[in-house]
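Sequence annotations record features per position, and here Swiss-Prot assigns geranylgeranyl diphosphate binding site to HIS190, ALA191, GLY192, TYR241, SER242, TRP243, TRP244 based on similarity to another entry. Feature annotation from Swiss-Prot assigns Zn(2+) binding site to ASP238, CYS240, HIS290; the stated evidence is similarity to another entry. The annotation N-acetylglycine is assigned in Swiss-Prot to GLY2 on the grounds of similarity to another entry. Sequence annotations record features per position, and here Swiss-Prot assigns phosphothreonine to THR3. Residues annotated as repeat 'PFTB 1' in Swiss-Prot: 20-61. The feature repeat 'PFTB 2' is assigned by Swiss-Prot to 68-109. What Swiss-Prot lists as repeat 'PFTB 3' is 116-157. Taken from Swiss-Prot, the feature repeat 'PFTB 4' applies to 164-205. Per Swiss-Prot, the feature repeat 'PFTB 5' maps to 212-253. Annotation comment: Swiss-Prot describes 260-302 as repeat 'PFTB 6'.
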Amino acid sequence: MGTPQKDVIIKSDAPDTLLLEKHADYIASYGSKKDDYEYCMSEYLRMSGIYWGLTVMDLMGQLHRMNREEILTFIKSCQHECGGISASIGHDPHLLYTLSAVQILTLYDSINVIDINKVVEYVQSLQKEDGSFAGDIWGEIDTRFSFCAVATLALLGKLDAINVEKAIEFVLSCMNFDGGFGCRPGSESHAGQIYCCTGFLAITSQLHQVNSDLLGWWLCERQLPSGGLNGRPEKLPDVCYSWWVLASLKIIGRLHWIDREKLRSFILACQDEETGGFADRPGDMVDPFHTLFGIAGLSLLGEEQIKPVSPVFCMPEEVLRRVNVQPELVS
């Protein structure tokens with residue numbers, strides 16, 4: 001007898017239309033009260049939070065509502081002498097926040113706000129002999145950081161600054177028997193890591209190394225009866241996996257393998273009709289993180305009210321065309 005799947009029940013009165021105006025209002029007002037508890041407690045990831053907010057506003061055609069000059073000044077203040085960029089002023093630099101900052105500056109076509117050569121040196125300094133990347137000087141190794149490194153350098157037009165061949169070797173060593181990828185060699189396959197690794201391989205033109213059918217099957221197995229997607233077996237669905245899983249499927253040319261309409265219904269059910277924004281699951285609290293990935297997931301599903309999104313960079317396709325960054329995808 002099979003084990004019941006963990007899932008959620010979508011109520012009959014759950015939202016079923018896209019509340020775009022409410023989402024734009026929610027993001028535009030988020031952080032306007034700097035003494036809010038939620039805002040204060042998210043300081044440790046502020047740079048990524050700004051990236052989530054700006055990207056979703058751009059996808060909705062509402063970027064003009066955000067305070068461009070204040071954001072550019074903030075980013076400049078977060079670059080350290082080593083070249084790396086931190087989540088907030090006074091915090092330590094990290095590859096995650098360095099990528100977020102470069103993505104924001106690319107959105108605004110203002111990359112010269114920071115010292116680009118210093119950023120390149122910082123990324124170079126974090127590559128290890130086996131080709132892997134640490135996230136910061138403290139040394140944690142993770143395929144997320146391999147993606148952050150090549151994505152940052154690709155946006156800067158400096159991908160040749162690192163040992164790309166060794167970086168590819170390391171990421172491929174993290175491939176598992178099920179076609180997926182983990183954070184390090186031998187680690188369990190996880191949708192978030194798969195997104196990072198397929199994105200990495202797209203940027204480095206190595207997608208031919210992936211068994212797209214095997215990986216596509218594993219990713220499609222993430223869809224539950226509710227229509228939502230989870231990140232690994234026996235976990236609840238979460239709107240953020242509408243991005244990690246969908247983007248990976250798009251990269252390997254297998255997006256048509258899932259039930260798109262059921263997923264769309266699940267994503268829409270995670271909206272808050274009163275405040276705007278998306279939650280991880282229907283009825284939970286909304287936040288900018290899930291709002292971006294809900295909207296980005298709907299873009300991949302072909303939602304006409306949202307700009308086309310790059311499945312590799314989670315940025316508007318028009319921005320990547322402007323900077324001439326077009327990673328390969330499996331057709």
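Here the Cβ of each residue, glycine as well, is placed from N, Cα and C on the backbone.
Structural mapping of features recorded in Swiss-Prot.
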residue	record	Cβ within 10 Å
HIS190	geranylgeranyl diphosphate binding site	19
ALA191	geranylgeranyl diphosphate binding site	26
GLY192	geranylgeranyl diphosphate binding site	19
ASP238	Zn(2+) binding site	24
CYS240	Zn(2+) binding site	21
TYR241	geranylgeranyl diphosphate binding site	28
SER242	geranylgeranyl diphosphate binding site	28
TRP243	geranylgeranyl diphosphate binding site	28
TRP244	geranylgeranyl diphosphate binding site	25
HIS290	Zn(2+) binding site	25
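When Cβ-Cβ distances under 8 Å to the repeat 'PFTB 4' (164-205) are tallied for each of 68-109, 116-157, 212-253, 260-302, the top count falls to 116-157. Residues 43-48, 50-51, 54-55, 58, 115, 117-123, 125-126, 133-137, 144-145, 148-149, 151-152, 155-156, 313, 315-316, 319, 322-323 of the same chain sit 6 or more residues outside the repeat 'PFTB 2' (68-109) yet have a Cβ under 8 Å from a Cβ within it. Reduced to three states, the DSSP call for TRP244 (geranylgeranyl diphosphate binding site) is helix. The record gives ASP238, CYS240, HIS290 for Zn(2+). Within 8 Å of the mean position of their Cβ atoms, the other Cβ atoms in that chain belong to VAL239, TYR241, SER242, TRP243, PHE278, ALA279, ASP280, PHE289, PHE293, GLY294. For the pair HIS190 (geranylgeranyl diphosphate binding site) and CYS240 (Zn(2+) binding site), the C-alpha distance works out to 13 angstrom. In this structure the C-alpha atoms belonging to GLY192 (geranylgeranyl diphosphate binding site) and CYS240 (Zn(2+) binding site) are separated by 9 Å. Long-range contacts of the repeat 'PFTB 6' (260-302) within the same chain, counting only residues at least 6 positions beyond its ends with a Cβ under 8 Å from a Cβ of the stretch, are 8, 10-11, 14-19, 21-27, 30, 49, 52-53, 55-56, 59-60, 223, 226-229, 236-240, 242-244, 246-247, 250, 308-309, 311, 314. GLY192 (geranylgeranyl diphosphate binding site) carries a helical DSSP state (H, G or I). Counting residues of the repeat 'PFTB 6' (260-302) by DSSP class, helix then strand then coil, yields 23 helix, 5 strand, 15 coil. Taking CA atoms as the reference points, TRP244 (geranylgeranyl diphosphate binding site) and ASP238 (Zn(2+) binding site) are 10 Å apart.
Cα of ALA191 (geranylgeranyl diphosphate binding site) to Cα of ASP238 (Zn(2+) binding site): a span of 11 Å.
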